[in-house]
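Asks: Below you will find the structure I want to go over with you.
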Ligand code: KIV
């Protein structure tokens with residue numbers, strides 16, 4: 001398994017690969033494919049739990065899915081995502097919940113949708129031995145405040161704030177940064193400015209690595225964000241298999 005230190009030292013010549021997974025069978029496939037980092041993202045809300053956003057996802061749900069992934073992953077670094085309001089209300093809440101992901105679920109690190117309010121928390125968690133992956137740019141937990149899922153960092157002021165927060169989270173000890181849905185040039189600048197690896201999603205080709213949501217990659221999601229890519233058509237495979245089963249039972253050819 002790559003350690004947090006190895007991820008931190010990743011070289012730009014060999015881009016880091018990160019994918020989400022939410023259950024044991026898919027985590028085993030992602031792990032066996034040699035993906036460096038498996039993120040048990042709060043994207044599970046839309047991807048597998050049937051919610052229409054990530055906001056309803058609970059800490060218990062993330063713990064349970066992270067544990068399933070951690071049991072199946074032998075090689076990849078497993079990162080558990082901190083859901084909406086599992087941190088930020090008090091330092092104690094954030095520490096306890098991040099601790100659950102390592103103690104109960106077997107994650108190797110946590111990811112936190114970051115902002116000015118998470119710099120101190122990042123510092124505390126790292127002090128306590130909980131590695132933190134920061135997340136800037138589009139942070140979907142703020143959808144009500146930012147009015148949806150639009151590209152972030154598009155004005156000079158907003159770009160400067162992202163660069164500043166990226167530097168502050170690196171200084172606080174974050175071992176990597178996810179940068180979501182920002183202009184390519186901004187992502188390239190942040191990547192050049194930081195020593196820790198920047199893992200992009202909708203952030204262009206100049207970051208140190210890429211992350212996507214597994215159901216998008218598989219072609220299983222009902223809708224896919226503009227910056228994602230489907231690398232398969234698993235939905236059609238599943239539809240065909242289920243239809244074939246039904247037909248076989250109905251026409252008596254199975255069993
Ligand atoms: O929850 C998630 O899956 C994420 C990735 C899209 C980075 O935050």
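Cβ coordinates come from backbone N, Cα and C, glycine included.
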Asks: Can you pick which of 103, 111 TrEMBL lists for the same 3-methyl-2-oxobutanoate site as 42, 43, 81?
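Replies: TrEMBL lists 42, 43, 81 binding 3-methyl-2-oxobutanoate, and from 103, 111 it also lists 111.
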Asks: Work through the binding-site residues one by one (42, 81, 113) and point out the residue whose CB has the fewest other CB atoms within 10 angstroms.
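Replies: Sparsest of the binding-site residues 42, 81, 113 by Cβ contacts within 10 Å: 113.
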Asks: Which chain neighbours of the 3-methyl-2-oxobutanoate site, leaving out 42, 43, 81, 111, have a Cβ atom within 8 Å of the mean position of the site's Cβ atoms?
Replies: 20, 39, 40, 41, 44, 54, 57, 62, 80, 82, 83, 113
Asks: So if I measure Cβ to Cβ from residue 111 (3-methyl-2-oxobutanoate binding site) and keep only same-chain residues at least 6 apart in sequence, which ones fall under 8 Å?
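Replies: Listed in sequence order: 39, 41, 79, 80, 81, 82, 132, 133, 134, 135, 178.
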Asks: What residues, ordered by sequence, lie under 8 A Cβ-to-Cβ from residue 43 (3-methyl-2-oxobutanoate binding site) and sit at least six positions away in the same chain?
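Replies: Expected: 20, 54, 81, 140, 213.
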